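**Student:** Mind having a look at this structure? Questions to follow.
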Amino acid sequence: MSDSKPSTLRLLSAISIAILAVSTSSVFIRYAQEEAPSLVIAASRLLLASIFLAPPALIRHRDELRRLNRKELLLGLLSGIFLAVHFATWITSLEYTTITNSVVLVSTSPLWVALIAPIFLKEKLTKTVIIGMLLTLFGGTLIAFSDNCAWDGGFHCAPLSGFGQAEASYGNFLALAGAWAIAGYLLIGRRLRANMSLIPYIFLVYGMAAMVMLVILIISGQSLLGYSPTTYLWLLLIAVFPQLIGHSTYNWALRYLPVALVAVTTLGEPIGSSILAFVILKEIPTSLQIIGGLLILAGIYVTSKKSSG
């Protein structure tokens, strides 16, 4: 592919396709969960992605993969562990909470990266990051309250004893854990990616993550076999559309986008996923979920724009 900058129309078309593709992930996962356990879905996504990446990685980048030293392989394994935990927790969260809550909360990873970076990478914690964290904290609180409270001519909540007991609260926590895990993956990736090109890096990390998930499946006694053709179709769609088409196109387009637009595109998946959940699955977010989600997205935008700059 040429390094010359694509036309504006081509860029906008590419980023639109990427956002739409990644937004299908949670809906496809919901359909797959009708038969397949969440851990099987996570393992399948990583395994299929690794298989699809194998030909270009092993044919075009074989020498680079052979040159990997022990430290880089260990970093790849650690990054893969974080990525496996991310998919395991986030996909499981969709069993318990709404798509809007899950995708908005898991999308807070840029905030956690910005918060942790000063500790591990000696980067300065700026006022912008603090503002983003406060917006996200307030928005997350509203989403947590949305499980037991509602705005109906006033603010009404269930008895205090009911807080934290709903399945949705557990799902929200799992989605947040998925954000923490992907933050660890991104921080390690900064070091590993510095000496590797994109395809070998993704192949290494996805391969490691797939192996971690396969070990988890063996320990938990779950199998990748024995499901209906329809379920396998959903698993294939999860790997092809959100992963290969969505993330590959997204990574290509971001090379040419201005900083402000980079920040805006981070909001694409939660918004797109919420719209698809509303249209396809008839999931209607509550007023508190909408307000809380908008505050979180504002926090992500503020932090991502600063980080991208």
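Counting starts with 1 at the first residue shown.
Heads up, the Cβ atoms here are built off N, Cα and C, so glycines get one too.
As listed in TrEMBL for this protein:
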- 12-32: transmembrane segment (TRANSMEM)
- 15-143: domain 'EamA' (DOMAIN)
- 38-61: transmembrane segment (TRANSMEM)
- 73-93: transmembrane segment (TRANSMEM)
- 99-121: transmembrane segment (TRANSMEM)
- 128-146: transmembrane segment (TRANSMEM)
- 170-188: transmembrane segment (TRANSMEM)
- 170-304: domain 'EamA' (DOMAIN)
- 200-220: transmembrane segment (TRANSMEM)
- 232-252: transmembrane segment (TRANSMEM)
- 259-281: transmembrane segment (TRANSMEM)
- 287-304: transmembrane segment (TRANSMEM)
**Student:** Other than its close neighbours in sequence, what residues sit by the transmembrane segment (200-220), given a CB gap under 8 Å and a spacing of at least six beyond its ends?
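**Tutor:** For the transmembrane segment (200-220), the nonlocal Cβ contacts are 39-40, 42-43, 46-47, 49-50, 53-54, 57, 61, 64-65, 68, 73, 76-77, 79-81, 83-84, 87-88, 185, 189, 192-193.
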**Student:** Could you tell me how many residues in the domain 'EamA' (170-304) are helical, how many are strand and how many are coil under DSSP?
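**Tutor:** Helix, strand and coil residues of the domain 'EamA' (170-304) number 111 helix, 0 strand, 24 coil.
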**Student:** Report the DSSP secondary-structure composition of the domain 'EamA' (15-143) as helix, strand and coil residue counts.
**Tutor:** 106 helix, 0 strand, 23 coil
